[in-house]
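Below: one structure, written as structure tokens.
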Ligand SMILES: Nc1nc2c(ncn2[C@@H]2O[C@H](COP(=O)(O)OP(=O)(O)OP(=O)(O)O)[C@@H](O)[C@H]2O)c(=O)[nH]1
Ligand SMILES: [Zn+2]
């Protein structure tokens with residue numbers, strides 16, 4: 001056998017082996033593709049509407065209003081209300097299975113029993129911060145909600161509820177409070193859940209959004225939800241009945257469809273939304289009026305407390321920033337240590 005023939009034979013063998021390898025790789029990829037197709041082939045897009053520990057309730061995107069109980073793959077992170085998922089609908093009488101989770105656009109988080117921040121709702125894009133003449137509102141509390149919303153990337157809307165209680169004596173105070181925020185371009189909606197005023201503006205603020213009401217106890221969040229979505233109150237009862245899990249299910253987050261598009265998420269955990277585990281620079285970055293001044297002080301490590309040439313104090317002196325906002329910033333900063341330790345007490 002000549003050297004040349006040998007080479008040709010060798011080449012032929014190499015080609016053969018390579019071709020076999022390619023063919024094996026092609027078949028392997030085909031098998032993988034069909035596995036994925038099996039996995040996702042009969043899945044549907046949906047949104048988690050309620051959570052019951054080991055199970056979730058999912059609404060199919062293609063069939064609004066139809067909600068199915070599902071298990072979820074153990075490999076998935078903890079699912080929360082508002083999560084966008086892919087799920088296999090139940091084949092017969094059983095439960096469906098959530099197989100994949102879409103990345104969350106926003107996460108609303110709060111500390112769990114151990115003080116670790118855990119998501120409680122996903123994909124919110126609007127936060128309705130409710131206040132009222134009673135309980136007496138404070139701009140410090142509203143600032144806390146606004147900063148928390150800004151830091152979560154959720155657009156806030158202020159809602160002055162119980163407008164029917166605003167008489168001539170209260171009016172100047174409430175107007176001044178509202179002006180503090182309208183000057184910062186935060187929208188303020190005046191409403192009354194009991195007199196059914198301002199509801200159209202609230203509906204408009206909800207439509208097309210994934211929203212939640214937050215605010216102090218007693219400001220009228222439930223009353224507003226009931227005035228806007230009468231079916232929501234009914235749904236809560238029906239849901240606990242259907243799940244057979246009893247009363248405590250009403251303490252988990254629920255999601256309600258808004259007529260005209262959009263959803264409202266409600267739960268005690270969301271209502272207690274607040275500032276958790278942040279440091280002072282982060283607090284500053286949530287103040288939309290103060291944040292652009294960060295780093296503009298004469299001293300790079302300015303504490304903004306006593307140094308000359310502080311950009312925050314200068315902005316107040318020039319009338320570019322409201323003194324009340326800076327005062328609130330300092331008062332909230334003093335409480336941040338308390339927040340770092342979990343304030344959550346189990347119900
Ligand atoms: N006058 C007046 N009273 C209202 C209005 N909205 C709610 N209320 C009353 O305020 C009280 C508290 O209302 P809720 O809806 O329970 O308040 P909430 O914010 O849901 O309270 P939590 O469940 O503790 O968070 C109730 O007695 C309501 O009837 C309103 O627009 N005007
Ligand atoms: Zn400074």
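Using N, Cα and C of the backbone, Cβ positions are placed for all residues, glycine too.
Positions annotated as GTP binding site by TrEMBL: 161, 162, 163, 164, 215, 216, 217, 218, 219, 220, 221, 222, 223. Taking Cβ-Cβ distances under 8 Å and a sequence separation of 6 or more, the neighbours of residue 163 (GTP binding site) in its chain are 190, 191, 192, 195, 197, 198. When secondary structure is read from DSSP and collapsed to three states, residue 163 (GTP binding site) falls in the helix class.
The Zn(2+) binding site annotation in TrEMBL covers 297, 302, 304, 310. In the shown protein chains, 19 other C-beta atoms lie within 10 A of the C-beta of residue 297 (Zn(2+) binding site).
Look at TrEMBL and you will find 105-273 tagged as domain 'CP-type G'.
Residues or ranges marked as domain 'EngC GTPase' in TrEMBL: 122-271.
With a CB cut-off of under 6 A applied against ligand 2, the binding-site residues 219, 223, 297, 302, 304, 310 are reduced to 297, 302, 304, 310. Here the candidates are the binding-site residues 161, 215, 217, 221, 223, and by Cα distance the one nearest residue 302 (Zn(2+) binding site) turns out to be 215.
When Cα-Cα distances from residue 223 (GTP binding site) are compared across the binding-site residues 297, 304, 310, the shortest belongs to 304. Within 8 Å of the Cβ centroid of the Zn(2+) site, not counting the listed residues 297, 302, 304, 310, the chain contributes 298, 299, 303, 305, 307, 309, 311, 312, 313. Highlighted here are the binding-site residues (161, 217, 221, 223, 310) whose C-beta falls below 6 Å from ligand 1: 161, 217, 221, 223, in sequence order.
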